[in-house]
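Q: Let me give you the structure first, and then I'll get to my questions.
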Amino acid sequence: MNKSLLSELIIDIGNTSIAFALFEDNKVNLFIKMKTNLMLSYDEVYSFFKENFDFNVNQVFISSVVPVLNKIFENIIFSFFKIKPLFISFDLNYDLTFNPYGSGKFLLGSDVFANLVAAIENYSLENVLVADLGTACTIFAVSRQDGILGGLINSGPLINFNSLLDNAYLLNKFPISTPTNLLERTTSGSVNSGLFYQYKYLIEGVYHDIKKIYKRGFNLIITGGNANLLLPLIEVEFIFNIHLTVEGIRILGNSIVVKFVN
């Protein structure tokens, strides 16, 4: 990769994985992940950067829900790129085309916040329901007029699957996959069906209910690393965007309002 090309590096530090996205000309040209490990060392992360990031960047924006790793990444980015990264969060001031806090400010994970901002800023939509299937399953609604309306947080597919394996003595581990039928006749098939149909009904149920509650139409956007196995089951119209979170982080990073103190 051309080392002279200036780019934006977006990092999403999640509970299960850490996503890295390189933006060039407003497009994602590189998207890779590494497994999250609370014991990650400086040398491990530096080696990962050296192996994968043979380019220069002029900006680095980070969203993190694992604060214990923040300092390592801040130090490595400064050492590697000679710049200080900007950490985005819900409680900073941003210059956006809508007010996310129209319904009042409340504590919100930076990844969820990034999803909701990207849903409004990147699409010509007025009301959006965003479902993110990662370590957690988050389902939040946002409106261009009213801001963030709120949402639900549940455990994600892999958390549920591993919890079942840990607590069912006779159940052996097997690869999860999209179920072919609602009613299956094998144990593994029935587990797959139960695992993914619960999210289908949860997402579709929330989608239909918020339309009744708010008496308006909503668009559904689905994202998250575990979403691909669920998509064939969804029976309402939706947009799938695997890069939604990093796009939102980038928007927020470029929209931070810096206050100068005399």
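Backbone N, Cα and C define each Cβ position, glycine as well.
So Swiss-Prot lists these for the protein:
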type: BINDING; residues: Asp12, Ile13, Gly14, Asn15, Thr16, Ser17, Ile18, Ala19, Thr135; note: ATP binding site
type: BINDING; residues: Tyr94, Gly109, Ser110, Asp111, Val112, Thr187; note: substrate binding site
type: ACT_SITE; residues: Asp111; note: active site, proton acceptor
type: BINDING; residues: Asp132; note: K(+) binding site
Q: My understanding is the cutoff is Cβ-Cβ under 8 Å with a sequence separation of 6 or more in the same chain; which residues meet that for Tyr94 (substrate binding site)?
A: Pro100, Val117, Leu252, Ser255, Ile256, Val257
Q: Across all chains shown, how many C-beta atoms besides its own are within 10 angstroms of the C-beta of Thr187 (substrate binding site)?
A: 13
Q: Do me a favour and check the Cα-Cα span between Gly14 (ATP binding site) and Gly109 (substrate binding site); whole Å is fine.
A: 11
Q: Grab the substrate binding residues from the record (Tyr94, Gly109, Ser110, Asp111, Val112, Thr187) and give me their largest CA-CA distance in Å.
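A: Max Cα-Cα spread across the substrate binders: 50 Å.
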Q: Tell me, which binding-site residues from Gly109, Ser110, Val112, Asp132, Thr187 are within 10 Å of Asp12 (ATP binding site) if we use the C-alpha atoms?
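A: Those close enough are Ser110.
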Q: For Asp12 (ATP binding site), just give me the three-state DSSP call.
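A: For Asp12 (ATP binding site) - judged by DSSP and reduced to three states - the answer is strand.
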Q: Determine, to the nearest whole angstrom, how far the Cα atom of Ser110 (substrate binding site) is from the Cα atom of Thr135 (ATP binding site).
A: 15
Q: Using only the residues recorded as binding ATP (Asp12, Ile13, Gly14, Asn15, Thr16, Ser17, Ile18, Ala19, Thr135), report the maximum Cα-Cα distance in Å, whole number please.
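A: Max Cα-Cα spread across the ATP binders: 13 Å.
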Q: May I ask which of the binding-site residues Thr16, Ile18, Thr135 is closest to Val112 (substrate binding site) if we compare their C-alpha atoms?
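A: Spatially nearest to Val112 (substrate binding site) by Cα position is Thr135.
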Q: Using DSSP and collapsing to three states, where does Val112 (substrate binding site) fall: helix, strand or coil?
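A: DSSP assigns Val112 (substrate binding site) to helix.
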Q: Spatially, which candidate from the binding-site residues Gly109, Asp111, Asp132, Thr187 is nearest to Ile18 (ATP binding site), comparing Cα atoms?
A: Asp111
